[in-house]
């Protein structure tokens, strides 16, 4: 089957990009590719043949139909207007036409200088490229909307960050790379007609059912808000901290995008700050819901020329509804509840308070709870708590709540084990793979990718364990 590409963004939004080619790396080589995703997309195996060099994966060649562009956008960074940003090192190579008529962006990250590189060098480093590939695939297999990773190319090109590293490229796939920042760019340039063109593009290609509806713009923004609410709810339930929720890192389609200083909770700490550059804690774990709303408010402002204020406010209310509804549903599933009762939030908050006091591991606590039998408080989970009396008191209330459900233990445990992962991408696991890869050993990178494809499968090895002491002290930043 021949791959087919289109250039809808280039053809329909001429003011939003600069056309240019990728700049290849020195001695580029393919070190990993997503075989499962490649099969789903009918990508010929010959394209991954190392004897052909880095090929399209390293920006050395283009496939027929590709028309590469770097997109321009702006945004608020850490709550402050940052002005023009754009693809400073990424290039949208083209949009693959799929059998169902939809498209998939092929976006090459680390592809070299663009007009939007500002003071940057247009490169990505191997470390950050590996982290993004692992994180996006981990999120996908957890069932959370996300961009995908198709390939990684390493090289001998030196790249200076805090230390000297080597350049790499990531082929990132997504239904769209349209960001809140695209709309902000033209709003602050006082070009409302281009803001409306972006909205028209989004509706035409992603919500075509609304094209001929009078209230299409209001309906569209409501859906953007709802998708954002559901996405943030998913993040909170698995303990995912994005780390840098600038408006230019927010997807119109409600995808997790731009994995930088992310982290999954180890010890339960609602104030967890994954990004060591976030000195004020703006993007701490428990602030993500309010930051997402703030970002939606910035997007809403750009839409005021063609959506009434009341409609925008209704959409923002929809965000809150979607967030709270989806979060409540997910957390009840994590606790094994099939119905909703008025004291559920109190019971959950009591558990969170106990976990915070004890420094309980977020992922392992819920996974172990999913194996607990309601007839007995004696369990491996109980043994992880120092204050056994406090745990026993909570578990008695939890067990009483379970008895109100007409569901046997086996069915409850099955449900809980489908939503409480045994494995998440802990930073130390990613770092171990990075350390090996930087020495030329890709085995752990491949192995970790395979492990992350089965997050709900119990393991008795270190992939499912608490981090070692050195793994708790890892610092990550926006440097990539």
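Glycine too: its Cβ is placed from the backbone N, Cα and C atoms.
Lifted from Swiss-Prot, the feature list:
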- 248: active site, proton acceptor (ACT_SITE)
- 86, 88, 89, 109, 121, 122, 172, 179, 258: ATP binding site (BINDING)
- 249, 258: Mg(2+) binding site (BINDING)
Worksheet item: Rounded to a whole number, how many Å is the Cα of residue 86 (ATP binding site) away from the Cα of residue 249 (Mg(2+) binding site)?
Response: 11
Response to the item:
The answer, for which of the binding-site residues 121, 258 has its Cβ ringed by the most other Cβ atoms inside 10 Å, is 258
Worksheet item: Within 10 Å of the Cβ of residue 248 (active site, proton acceptor), how many other Cβ atoms are there?
Response: 23
Discussion item. On a C-alpha basis, identify the one among 89, 121, 172, 258 that is nearest to residue 249 (Mg(2+) binding site); the candidates are the binding-site residues.
Written reply: 258
Worksheet item: What span in Å does the ATP site cover, taken as the longest CA to CA distance among 86, 88, 89, 109, 121, 122, 172, 179, 258?
Response: 22
Worksheet entry | Close in space, distant in sequence - residue 89 (ATP binding site), Cβ under 8 Å, 6 or more apart | 109, 110, 111, 112, 113, 114, 117, 120, 121, 122, 123, 124
Worksheet item: Does DSSP put residue 172 (ATP binding site) in a helix, in a strand, or in coil?
Response: strand
Worksheet item: What's the CA-CA gap between residue 172 (ATP binding site) and residue 248 (active site, proton acceptor) in angstrom, rounded?
Response: 17
